[in-house]
2 protein chains.
Amino acid sequence: MEQPIGVIDSGVGGLTVVHELMRQLPKEPLIYLGDTERCPYGSRTEEEVKQFTWEMVRFLLKKNIKMLVIACNTATAFTIKDLQEKLDIPVIGVIKPGARAAIKSTESDYIGIIGTEGTVRSEAYSYALWQIKSDIDLISLACPRFVPMVEKGILDGPEAKQIVETTLMPILEHKKMDTLILGCTHYPLLKDTIQEVVGKQITVISSSEETARETSTTLDIHQIANESDRMPLHQFYATGDLQIFIEITQKIFKDSNFEVLTIKHADLHNV
Amino acid sequence: MEQPIGVIDSGVGGLTVVHELMRQLPKEPLIYLGDTERCPYGSRTEEEVKQFTWEMVRFLLKKNIKMLVIACNTATAFTIKDLQEKLDIPVIGVIKPGARAAIKSTESDYIGIIGTEGTVRSEAYSYALWQIKSDIDLISLACPRFVPMVEKGILDGPEAKQIVETTLMPILEHKKMDTLILGCTHYPLLKDTIQEVVGKQITVISSSEETARETSTTLDIHQIANESDRMPLHQFYATGDLQIFIEITQKIFKDSNFEVLTIKHADLHNV
């Protein structure tokens, strides 16, 4: 099926999911929509997050998507059940793929989760993990400094390392923890720095990589993978300032072929 | 849904998948059926493998399974399409989960696959990989000495290491290979030895771990996961000699609670 996969996010973090989708599923055309104008969602009310998410979904449904990926932890936590019930196409979020990968990885059954305040407060990861395996021990930590840092492009170097070290201190005391979930789609851009700080003995799970992998499984189960060998064209939309969005996109996709993607402004008021 | 997941294999190799299912999905009751009497399938004709597999499937359908896992590479290669078309329950095999995990893991796009002669000859992994990503380079190798070695319980130590080293020599020359798929459900029992021989720079993918993970995704998509917290009871069946089967089971499940499983003889002639 040559129809595109739709990917939504509150801003630019979901681009790490897109990057992984392009790497792991290079035949699939993608449409990305980032609500950069109203980002971040982490501190919004549940009602607002639901309303904004539905506006994005309606925009993408008009583009004839065959599947929806909610590439935002906050939006996943608040809307996935509703979207899965009401849409005719498969819908996946970023939380369960990360939870499943962590369960596969852990030997001590002691898992750490870092995310935005909204995601940590929602306890969505705890619920996803305990639904599958009741005797998992969890330690979660909100890292409010990470998203602004990424948006400023501070991904490595001494400043990044110092912020990551200071922030993660409280969970590093838990010596039994052997797996750490990056429960925010911005964080994979800090993965190398985080791995350096936590040490090699801890497996760092990128929800972006894992979500791309489960997208592959989902396409397969629903028999809607693209079997054509034509080079796919990707479309990126943002609701806010395009200049900043293009700059961040270029940073994330520095190794990619820019000819296969177009970047446009999306107006959600007229959907 | 408290109905069991059915797991079939030509012999005992599929028990590594069961072990991972018990670890990653501890709430799910399992029924395992190993066709130990007619093992190995690797050198059987396609017709024989199909007939034997259908006999096993009919046996498990009578036990009211909610999902089927084909925990044997050879049986997956020859029967999965047919089973997926004809059964009303979800069916997954061991090949695609391994292929997807390898695509996620590789950075060089150079993947190695080891398996039985039947699996390597079937080119099922090449097909699964190229269907998703066309520009993957593959090197495959049949390792006919590994299954007899595992069945004899030679899993580590100098003898195991020497056999693994000699066998894997031809693929270790391919310096770009960064990921190696264990394309036989017996091989995870040799994982530590294989990892030692190939070195830390190569990611070794256990199709058993990955299949358990995709079982979790599949239960979720079909909304048939068990939500009860009752301790599940597992049933193991073998068509051949029970004594040897019990010994191998005890070896694989040495860390498990044996009170939760029963082992019985299965007669496929009267299904």
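Glycine is no exception: its Cβ is also placed from the backbone N, Cα and C atoms.
What TrEMBL annotates here:
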type	residues	note
BINDING	A:ASP9, A:SER10, A:TYR41, A:GLY42, A:ASN73, A:THR74, A:THR185, A:HIS186	substrate binding site
ACT_SITE	A:CYS72	active site, proton donor/acceptor
ACT_SITE	A:CYS184	active site, proton donor/acceptor
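All features noted in TrEMBL, drawn onto the structure.
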{"residue": "A:ASP9", "record": "substrate binding site", "Cβ neighbours (10 Å)": "31"}
{"residue": "A:SER10", "record": "substrate binding site", "Cβ neighbours (10 Å)": "30"}
{"residue": "A:TYR41", "record": "substrate binding site", "Cβ neighbours (10 Å)": "25"}
{"residue": "A:GLY42", "record": "substrate binding site", "Cβ neighbours (10 Å)": "21"}
{"residue": "A:CYS72", "record": "active site, proton donor/acceptor", "Cβ neighbours (10 Å)": "35"}
{"residue": "A:ASN73", "record": "substrate binding site", "Cβ neighbours (10 Å)": "34"}
{"residue": "A:THR74", "record": "substrate binding site", "Cβ neighbours (10 Å)": "30"}
{"residue": "A:CYS184", "record": "active site, proton donor/acceptor", "Cβ neighbours (10 Å)": "30"}
{"residue": "A:THR185", "record": "substrate binding site", "Cβ neighbours (10 Å)": "32"}
{"residue": "A:HIS186", "record": "substrate binding site", "Cβ neighbours (10 Å)": "28"}
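Residues A:ASP9, A:SER10, A:TYR41, A:GLY42, A:ASN73, A:THR74, A:THR185, A:HIS186 make up the record's substrate site, and a Cβ search at 8 Å around their centroid adds A:GLY11, A:GLY13, A:GLY14, A:CYS39, A:PRO40, A:CYS72, A:ALA75, A:THR116, A:GLY118, A:THR119, A:VAL147, A:CYS184 from the same chain. Comparing the Cα of A:CYS184 (active site, proton donor/acceptor) with the Cα of every entry in A:ASP9, A:TYR41, A:GLY42, A:ASN73, A:THR74, these being the binding-site residues, the smallest distance points to A:ASN73. Here the CA atom of A:CYS72 (active site, proton donor/acceptor) lies 9 Å from the CA atom of A:HIS186 (substrate binding site). A:ASP9 (substrate binding site) falls within a strand when secondary structure is assigned with DSSP.
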